[in-house]
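**Student:** Here TrEMBL flags 6-24, 75-98, 118-136, 143-161, 167-187, 217-236, 248-269 as transmembrane segment. Marked as domain 'Prepilin peptidase A24 N-terminal' by TrEMBL: 8-89. Look at TrEMBL and you will find 126-230 tagged as domain 'Prepilin type IV endopeptidase peptidase'.
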Amino acid sequence: MIGIIVFLFGLAMGSFIGAWTYRLPRRIKISKGRSFCPKCKYQIAWYDNIPLVSYIVLAGKCRNCHKKIGFREPLIEIVTAFVFVTIFHFVNGCMFFSEGTVLQSDIVCSFVGKIGWWTLPYLLTIFFFIIATFVIDLEKKIIPDEFSFALLFLAIIGVMFANYNDLFLRLFFALLPALFLLFLHFITRGRGMGLGDVKLVLFAPILLGTWQNNLIWMMGSFIIGAIVGVIFMIFGKASFGKQIPFGPFLIISFFITLLFSDIIGKFLII
Ligand SMILES: [Zn+2]
């Protein structure tokens, strides 16, 4: 039951992220008016703006001009809902600990052990900004500083609120990937790695906690990036020198590390 509520909440937040990440790089205020059709600028009525449902009812077409509206909005909504429900199940798995439950994670359970159910709204807030960052970096190849610093702020506040006694070690861990990416930024003269990525990586180590988790996260980012890069090259979508944003890889790897670092760690024996 709560899972369904979290799913619907995820759809709604995904809808907001979709509108926000569309408007922010185009300097349109989020408060300014309702959504409109990108083709004919027809303002979309509220009953045609229900996440996912409207898209299915209207078969992906604008009610006014009947042109196909892209899959962008419903995709962001579904992914956000999926991520939110997954986090819910992991928090739930830690709350009602039982042997053999698959959906458990050391990192999530560590937070649950300290702040209980607060872990859920906390991680959902974090992932709200993470998904927005993912979308904007993928589409526009920029990571707004507001997003990186909101995540950094949330990470520090969360760790302080949860009363972890190793905050300074975590802050130190945050500097390592940032310095590493800064180094890559300079040796590739800014083409291989943007400064946006350098600022984005600061939040994650504070949440991941241990050097093992951070190693898994960083290695994972580069491995996923390499795999995607090779796939893109095979299909001729990218070549060396053509920039693929790195933020989405950092984010996918963060999601995987947060939920599965203990399993991966056992596998790698670290
Ligand atoms: Zn239209």
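Note: Cβ is positioned from N, Cα and C throughout, glycine not excepted.
What TrEMBL says about a protein is an automatic prediction, not a curated fact.
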**Student:** Can at least 3 Cβ pairs under 8 A be found between the transmembrane segment (248-269) and the transmembrane segment (118-136), with each pair 6 or more apart in sequence?
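**Tutor:** Answer yes, regions in contact.
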**Student:** Do any residues, 6 or more residues outside the transmembrane segment (143-161), come within under 8 Å Cβ-to-Cβ of it, and if so which ones?
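**Tutor:** Result: 24, 111, 115, 118, 122, 125-126, 129-130, 132-133, 136-137, 167, 170-171, 174, 194, 196-197, 199-200, 202-204, 206-207, 247.
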**Student:** Please give the sequence-distant neighbours of the transmembrane segment (118-136): residues at least 6 beyond its ends with Cβ less than 8 Å from one of its Cβ atoms.
**Tutor:** 6, 9, 13-14, 17-18, 20-21, 24-25, 76, 79-80, 83-84, 87-88, 91, 94, 108, 111-112, 142-144, 147-148, 150-151, 154-155, 158, 161, 200, 203, 207, 247-248, 251, 254-255
**Student:** On the DSSP side of things, how many residues of the domain 'Prepilin type IV endopeptidase peptidase' (126-230) fall into helix, strand and coil, could you say?
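**Tutor:** Split by secondary structure, the domain 'Prepilin type IV endopeptidase peptidase' (126-230) comes out as 85 helix, 0 strand, 20 coil.
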